Every structure is written in structure tokens, then in C-alpha cells.
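Please read the structure below before turning to the comments.
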Amino acid sequence: MAPEPMRQLEDGENLEKRVSVYKDIVVTGVRDVPDSAAICTAAISGRTLSKEESARLVRKIDFNLMPLLCIVYLVQFLDKVSLSYASIMGIRQDTNLDLSQYSWLGSIFYIGYLVGEWPTNYALQRLPLAKWSSANIFMWGGILACTAACTEFKGLMVVRFLLGLCEACITPSFSLVTAQWYLKKEQGVRRGIWFSFNAMAMVVGAVMAWGLAKTGIEGGFAIAAWRVMFLLLGSITMALGVILLIFLPDSPLNARFLNKEERLLAVERIRSNQSGIGNKAWKLYQFKEALADPLTWLYCLASITLNIPNGGITNFFSIIITDMGYDPITSLLYGAPAGAVVMAGVLSVMFLGDFTRMRILCGCVGSLVGLMGVLLLWQLPMENQTGRLIGYYFVAVIIGGFTTVLSLISSNVAGSTKKSTVTALFMISYAVGNVIGPQTFLDKDAPRYDTALIVFTACIIVAVLTMLAIWSVNVRRNRANEAIRNAPGYVALQNQEFLDLTDRENPAFHYTC
């Protein structure tokens with residue numbers, strides 16, 4: 001059966017009247033109007049886009065959005081892993097940290113992330129997306145700079161917790177931006193591009209940390225090099241918060257880089273996504289549906305199991321390389337090639353996933369490459385430095401699997417409240433995995449860290465099996481929806497693409513596999 005058409009029109013008005021009410025609002029670009037404005041955008045545009053118009057519009061959107069997303073994502077990851085660089089640059093000695101305390105500095109970040117995830121997803125639905133994101137970026141830049149003033153474990157725990165609290169918004173925010181602006185078939189590659197700048201951050205960060213550490217050893221700074229690094233990164237992040245506030249639109253309806261007609265066409269272009277562009281109303285039935293949907297919990301299981309290895313490697317990669325026998329300063333540079341490998345891996349996984357229309361299976365391949373890296377680190381002799389270093393590089397490709405699952409939430413979850421709920425649960429699971437990861441590195445296991453590598457192996461196997469289960473559910477649901485659409489008497493709702501329907505309500509919805 002088709003969904004009940006009037007349930008989403010909460011004030012009881014019919015669609016024609018709603019179109020009249022919102023016509024002037026959409027054309028003039030007033031901010032923060034409800035998703036029903038998208039309905040009238042489709043209704044009054046009066047035409048479809050040609051391939052040439054669509055390509056021209058996508059180029060303009062890419063030119064204005066992608067550099068912002070990529071640069072901010074690069075810097076946020078650089079801020080996150082700066083602790084790993086600092087571990088080689090003297091922070092452990094200057095603040096008297098043992099390995100257990102250092103592990104907790106990695107975990108407390110994600111405990112802050114965990115605490116902040118649900119409130120920030122609620123805020124992203126209720127508040128202007130770009131303004132909330134830029135405010136959080138500005139605050140975390142200031143907090144990161146405060147790390148330079150810390151002299152003991154307690155102070156570092158406080159700033160790391162607050163840093164995680166503020167950074168909780170960035171991945172959900174950028175996922176919503178991608179879903180608002182791009183077709184499903186375009187989202188995987190775009191998400192792969194901005195997410196791969198995590199990898200670029202590893203290249204930039206390694207060279208930056210090496211240069212600062214070397215300058216510090218030569219006496220070029222009045223304070224410790226790691227303190228200079230935190231001050232520098234904090235200042236850059238605060239500046240980016242201001243830039244994002246100025247240039248990132250809250251939605252296609254108020255994008256200043258588009259003219260009036262282009263705003264209409266930008267929304268018309270994503271009609272086939274069947275997910276609208278956002279709705280400010282919180283809907284209890286969608287919240288309940290999110291909790292009852294088995295896919296929600298499969299996403300969460302994949303997120304936890306993929307991020308236990310990620311959390312461990314992200315916080316300990318400099319120490320892992322040093323324990324292979326490389327000197328501390330050189331180990332900073334050896335972290336750079338990992339970034340290039342990860343960028344190539346993530347972009348390949350996402351591009352091939354969209355090109356072959358087998359996104360989940362390609363994500364499984366990326367995860368298995370990461371498993372191969374874990375096995376090399378675990379099984380190769382300690383004296384085989386080169387082989388174990390290559391294994392470390394391969395481990396990082398596991399992020400391709402996580403990026404794949406993250407992209408499924410944008411593509412395969414519809415209904416604004418349901419999407420924000422599933423995203424919050426997914427990112428909470430991400431935080432839980434990253435809290436657990438650093439705790440698997442035990443002082444007694446150094447320098448091989450067998451316990452961590454055994455846990456990582458088990459997690460990746462479970463993650464791949466979970467992704468295959470997601471694929472199976474999606475295939476069955478697509479077949480069921482197709483059967484409904486082909487049934488006698490089925491009639492699609494007018495402009496149902498922009499009604500705030502969930503993926504389970506809308507028989508026209510197609511799950512990306």
C-alpha cells in the first residue's frame with residue numbers, strides 16, 4: 001500500500017496550498033524553511049534538468065562545497081592524531097605519562113565524542129547546519145590550543161574530553177551536507193573524497209611533526225616543539241571555523257553561490273533520492289522506526305568492530321613504528337606513506353563501489369586489505385622491519401570499510417528524524433569502538449602488542465560478515481519494494497520524493513547495495 005499522504009502535512013493543509021505558501025520563500029532563499037519547501041520547489045520548477053545543466057550545476061556545487069569539506073576534514077583529523085605525534089615529540093616525558101595514561105588520553109577523546117553525539121545530531125536537525133558546525137569547529141580549535149598549556153595527566157584528560165565533545169558534530173554534519181546536495185550515485189565518491197583527507201592529514205601531519213621536532217631539537221623554539229604544534233593547529237582550526245561560517249550554506253535553499261533558479265534546480269536534481277533535503281520537525285514514529293529497524297543495529301555493529309582497530313592504530317601508530325626499531329624522528333616521516341596508501345584505498349573503494357553499483361562488496365574488500373595488514377604485523381618476525389611497516393600501511397585501509405557503511409546511512413536511510421537517530425547511534429558506536437581500541441595495547445605486550453592484533457583480527461572478520469548481512473537485507477527490501485510498485489492499484493503520491501517519508505514507508509525507495 002502507498003503511505004498515507006496527509007500524515008506528513010502536519011498543519012492539515014493540502015499540498016496545493018502549501019505550494020502557494022512557500023513559493024516566495026524558496027525563490028527568495030529565506031533560511032531554515034521546512035522540507036515542504038522542497039515539495040513546492042519541485043512543483044513550481046516546471047521542468048527537468050538536461051544532462052548538460054545538471055553537469056554544470058554539479059561542477060558549481062563541487063567547486064564551492066568540496067574544498068571546504070576536504071580542508072576541514074583534513075584539519076580535524078590532524079587535530080585528532082596530533083597526540084600520536086606529540087608522543088614522539090616529548091609529551092610523555094614532559095607530563096610524566098606512562099603507557100596506561102597515554103592509552104586513556106586516546107580513549108577519553110571518544111568518551112567526549114560519545115557524550116556529545118546524540119545532542120549534536122539533535123541540534124543538526126533543529127538548528128542551522130553550517131552555523132552549528134562552524135561554532136563547534138571554532139571552539140575545538142581553542143580547546144586544542146589549550147593543550148599546549150597542560151603540564152600533567154589531569155589537564156590533558158580535560159582538554160581531550162572537551163575536544164571529543166566538540167568534534168562529535170563534524171562527520172554527521174558533513175554526511176548531511178553530502179545527502180542534501182548530491183544524488184545517491186554521486187554520494188559515495190564525494191564522501192570518499194572528503195573522508196580520504198583523513199589520509200592526506202597523515203601525510204601533512206608527518207612532515208609537519210618532523211619539521212617541528214627537528215627544529216625543537218636544534219633549539220629553535222622557546223618552548224617544547226609539541227606545545228608549538230598544538231598552538232599552531234589550534235589557531236588554524238579556529239580560522240577555519242570562521243571561514244566555514246561565511247561560506248558553507250545551511251541548505252540548497254539559502255546557498256549564496258547559487259542564483260534563484262539554481263536553488264530550485266539544485267533541489268529538483270535530487271528528487272530521485274526520495275529523501276528530501278531535511279525537516280526541522282522531530283517525529284516520534286520515525287524515532288521508533290529507527291530503533292526497530294534491524295539495519296540500524298547492523299550499522300552500529302559494523303561501526304564498533306571497524307573502529308576498535310582504527311582507534312588503536314590512530315593513537316599508537318607513532319609508537320608502533322618506533323618499536324619496529326626506527327629512531328623517533330625518522331618514525332614521524334614513516335607515517336606519511338600510510339596517508340598515501342589510505343587515500344588511494346578509500347578513493348578506490350568508493351569509486352569502484354559506485355561504478356560497479358556494488359558499494360558494500362567493495363567496502364568488504366577494503367576491510368580485508370586491512371585484515372591482511374593486521375596479520376602481517378602479528379605474524380612477521382620482529383626483525384622484518386620492512387614487512388611489518390608495509391603491514392601497518394595496509395591496516396589503515398580498513399577505513400575504506402567504515403566509509404562505505406557511513407555512506408549507506410546517507411543513501412539508505414530516509415526521514416529526517418530517522419536519519420538523525422540512526423546517524424547518532426552509528427557515531428556513538430564509532431566512539432565506543434575508538435574508546436576500546438587504545439585499551440587493547442598493553443604495556444606487557446610491547447613491542448608486538450599481540451592482544452591488540454588478536455582483537456583487531458576478530459573485529460575485522462565480524463565487520464565483514466556484518467556488511468554482508470547489510471547487503472542481504474538491502475537486496476531483499478529492494479525486491480519487496482519492487483513487488484509493491486508493480487502490484488495492481490499502486491499509485492505513487494504526488495511529489496512523494498520530498499515528503500518526509502522514511503525508507504520503510506516509501507515503496508519507491510531503492511536501497512544502495
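Heads up, the Cβ atoms here are built off N, Cα and C, so glycines get one too.
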TODO: Could you tell me which of the ranges 23-45, 138-160, 161-183 is annotated in TrEMBL as transmembrane segment?
DONE: 161-183
TODO: Give residue numbers and ranges for long-range contacts of the transmembrane segment (195-213): same chain, 6 or more residues beyond its ends, CB-CB under 8 A.
DONE: 70-71, 73-75, 77-78, 81-82, 85, 88-89, 221, 225-226, 228-229, 232, 328-329, 332-336, 338-343, 346-347, 396, 399, 403, 406
TODO: Could you pull out which residues elsewhere in the chain have a CB under 8 Å from any CB of the transmembrane segment (161-183), counting only those six or more residues past its ends?
DONE: 58, 61, 65, 69, 72-73, 76, 79-80, 108-117, 120-121, 123-124, 129, 132-133, 136-137, 139-140, 143-144, 147, 190-191, 194, 248, 251-252, 266, 269-270, 272-273, 275, 277-278, 406, 409-411, 419-420, 423-424, 427, 430-431
Task: Long-range neighbours of the transmembrane segment (360-378), counting only residues six or more past its ends (CB under 8 A) - done: 306, 309, 320, 345-346, 348-350, 352-353, 387-388, 390-401, 403-405, 408, 448, 450, 453-454, 456-457, 460-461, 463-464, 467-468, 470-471, 474, 513
Task: Cβ contacts under 8 Å made by the transmembrane segment (390-409) with residues that lie 6+ beyond its boundaries - done: 171, 175, 187-188, 191-192, 195, 198-199, 202, 299, 302-303, 306-307, 309-310, 313, 317, 320-321, 337-338, 341-342, 345-346, 348-350, 353, 359-360, 362-367, 369-377, 380, 419, 422-423, 426, 430, 456, 460, 463-464, 467, 470, 512
Task: Feature contact check the transmembrane segment (297-321) with the transmembrane segment (421-441), CB under 8 Å, 3 or more pairs - done: yes
Task: Predicted model, mean pLDDT over the domain 'Major facilitator superfamily (MFS) profile' (65-475) - done: 90
Open item on the list: Under 8 Å between C-beta atoms and at least six residues away from its ends: which parts of the chain pack against the transmembrane segment (333-353)?
Closed with: 188-189, 191-193, 195-207, 210, 317-318, 321, 326, 359-363, 365-366, 369, 389, 392-394, 396-397, 399-401, 403-404, 407
